[in-house]
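Just below is one structure, and these are the notes that go with it.
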Amino acid sequence: LTECLWVGSGSEGLPKLPVPPLQQTCERYLAALTPIVDPEELNHTRKLLEEFQKPGGVGERLQKGLEQRGKKMENWLSDWWLQTAYLDYRMPVVVHSSPGVVLPRMEFSDRQGQMRYAAKLIAGVLDFKSMIDNETLPVEYLGGKPLCMNQYYQVLSSCRIPGTKRDTVVNYTLDKRPPTHITVVHNFQFFVLDVYNSDGTPLTVDQIYIQLEKIWNSSLQTNKEPIGILTSNHRNSWGKAYDNLIKDKTNQESVRAIQKSIFTVCLDAPMPHASDDMYRTRAGVQMLHGGGSRWNSGNRWFDKTLQFIIGEDGTCGLIYEHAPAEGPPIVKQHGSMLNFESLRFFFLFCSMVHDFDMKVSVFSHFGKDFPKSQKMSPDAFIQMALQLAYYRIHKRCCPTYESASLRMFRLGRTDTIRSTSIDSDKFVKAMDDPAKHNIEKVALLDKAVKAHRAYTDMAIRGQAIDRHLLGLKLQAIEDLAALPEIFMDTSYAVALHFNLSTSQVPAKTNCVMCFGPVVSDGYGVCYNPMDTHINFAVSAFNSCQDTNAARLAQALEDALLDIKTLLEQTPKAKL
C-alpha cells in the first residue's frame, strides 16, 4: 500500500517547479488586491509587505526555506497541496470538492443497451489501463513542451480514506498483487466484478456484458439501504462512522474491496423526465450528487477516485474525487454483496442537495471562432465576459479563481490565474458607462484580455502568486515560527474568498464539467469552448440570497453578446 503521490513514469526529464522571487510575488500580490480591497486596507497591506521583504527579515528566511525544500524534493508544493487543499478539507466532498462530467446523452432502446454500453466503456478503460501499466501512454505536450503524466497513474485503483481530523489517499497500483476487479453498483448494492482472466488478459466486451446481466438480475430489490450516502457526509462525521463500520470484519472486507477496485461503475435508475433544456442541468446534478437519497445518491461511493455513471435513460458521465487528479486527465479517459450496518445521514444529505442550485446551458451564438477572429484568446475573452456579468449583478469586482495547469513541471498540479485585474476592473466599469466611447471600451477590453493572457502564461510557468504565498505560510508553520502578519491581514482573507471559482475544461467531445462554489456566497463556473458554441455549467447555493445560478448564466450570455456587438460596431482602429 502506498501513499498517493508516488512518481509514476510520467515525470522523468521534466523541470522542477520553481520557487518564484519574493519581491516579484509581493508586487503581483499587491496588484491583484488593488481591484478587490479598499484603498485604506491596501495601504495597510503595502506596509506589511514592505516589512515582510526587509533584507534579513522573515520573508527572506521563509523564502530560503522554500528554496531548500525545492532542492530536496521532487516538487516543493505537491505534498502540501494534497494535504491543505484536499485531505485537511473537512466539508463533504460532494458538491464542495468532487467535480462531475456530463457526457453526451446516449439513446438506449432497452436496458440491454445500457449494459452493452457499460461493457464497452469498461473494456475501453481497461485498454487505457494497459497503456498506463505498460508505460506506453503517449506524452502530452503544451506549446511544444512535454507535460507531467503522473496524474494518469493516480486515478485507477485509488481511493480517499476518511479520518476524524485528516483524510488520506491510497493507491493500490504498486501492490505486489495489484487489483484485478472493479466495483459495480446497482440499486444501492455493491458488487465486485473481476475483469481479468486467470492468465492476466482482460475480459472481452461480451464476457463483461454477461457478468453485468448477472449483477443486474441479482439486485432487483429496490428497498436496500443507500449506504453509499455515508461517503457524502462531513468528513469528520464520516471518519467516525467509518471507524465504527470497519470494526465488523465483513464490512471491512466489503469496504476494502471498493477501495481497492480499479474504478467503479454506477448503473443508475432513470431520472424524472425533463425537457431538453432542463435535462442538461438535471444531468449535471446527477453527476455531482445523484439527486438525493430518493434517486441515485446511494448508488455512489464518493471517496472512490473514479466513478463512471451510466443511467438507464441514457444519462452518462463520471464523477471523480479531486485529491489525486485534475480535470483534463480525467476527461481524457472516456460480485460479493455488501453487508453494511444501517446508518442514516439522509437528513443532512437531503438538505445539502436541496441547497444546491445549478444551471447547465449551451451558448449557441458563437464559440472559440469569434474571439479568434478578433485575435483574442478565447479563454481570456470568456473570463472578461464573466467579470462583466458578475459586475452587472453585484456592482463590484470579486476575487476570481481560474485553475492553471502546472503539468510542465514534475508532479505539477495547479496554480491560480487571478482573472480580476486592474485592467479587467477598468474594462467592466467602462463597458456600461455612456460617457465612454466605444473605441475606448475596445481598447480597455483588449488590454484586459492581454493582461489575462499574460497572467495565464506566467501561471503555467510556475510564476503565479497563490501557491508561493501558501508555501511561505506553510514554511512558517513547519518552522514553528510565528505566522507573519501578512497571513493574518484582512486583505489575505479577502483575496482567498473566491466568489467566482472557474475552470476551462476543453474537451473534443460535447461534454461539460460541473462543480460547486468554494464559498457560501459564490459561484462555480465551468466551461468547454467548442468552435461554434460554448458549454457552461454555473452553480450556486440556494441558502445565499445574493447568488442565483440561472441569473449569472443569463448575465454571462448577455455579456458575451454585448462584447461581440461592441467589437463588431467599432471600426478596427490600431489599438
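The backbone N, Cα and C atoms fix where each Cβ goes, and this holds for glycine too.
TrEMBL annotations: computationally assigned, not manually curated.
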Among Q307, Q475, Q504, Q545 - the residue TrEMBL places in the same CoA site as K368, K372, S373, Q374, K375, M376, S377, P378, D379, S405, R453: Q504
Measuring Cα to Cα, how many Å separate S373 (CoA binding site) from S403 ((R)-carnitine binding site)? 25
Determine which residues of this chain, when Y401, S403, T414 are set aside, have a Cβ within 8 Å of the centroid of the (R)-carnitine site's Cβ atoms, and list them as they appear in the sequence. E402, A404, D415, T416, I417, S501, S503
Radius 10 Å, atoms counted are CB only; among the binding-site residues S403, T414, which position scores highest? T414
Quick tally, other C-beta within 10 angstroms, S373, D379; top of the binding-site residues is D379
In whole Å, note down how far the CA of S403 ((R)-carnitine binding site) lies from the CA of S377 (CoA binding site). 16
